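Here's the structure we're looking at; comments come further down.
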Amino acid sequence: MSMGSFGFALAVMVLAVLVASAAGAPNTNFVSSACNTKKIPSGNPFFNNLGALLVNLEKNTAFSGYDYKASRAGSGGAPTAYGRGVCKQSISQSDCTACLTNLGGRIWGICKNAIGARVQLTDCFIRYEQYSI
C-alpha cells in the first residue's frame, strides 16, 4: 500500500470512528426524581390512561421540537392523564425516542405507582400528573 493510499485509508477509519461515536446511544443515567406520595389504587383505570400517555410521549417528543405535552382522556371514571416529554436538543431523534422509551419503562419502578411523577435522566425527562401541566 502506498503512503497516499495509507493516509486515505487512515482518514476514512478516523472519520468512521467519529461518526460512530457521535451517533451513540443516549445517556440514560438517572439524575433526579420527584414522586407524588399519593398512589394509584390497584386496578384503577388511570393506569391504562397513563400507559397510553407514556407511549404517546415516547413516540412524539422527538418529532415535536424535543418538548411535547399531551393528555389522555379518562376512561372508566378515571381522571385524565397529563404529561410532558423533553429531550436534550443535542441528541438525535432516534436517541430521544430511545431515551424516553427507556425512561417510560423505568418510571414505575422509580415512582412506585405515584399519581404524579417527574423523572430526569441525563438526556431526557418525563413528567405526568392528574392535572393539566
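Backbone N, Cα and C atoms are what each Cβ position is placed from, and that goes for glycine too.
Among C96, C99, the one Swiss-Prot lists as the disulfide partner of C124 is C99. Put simply, of the binding-site residues N36, R118, E129, the one whose Cα is nearest the Cα of C96 (disulfide bond) is R118. Counting other Cβ atoms within 10 Å of each Cβ, the disulfide-bonded residues C35, C87, C96, C124 show the lowest value at C35. When every Cα pair among N36, R118, E129 is compared, the largest distance found for this alpha-D-mannopyranose site is 9 Å. Counting residue by residue with DSSP, the domain 'Gnk2-homologous' (28-133) contains 37 helix, 32 strand, 37 coil.
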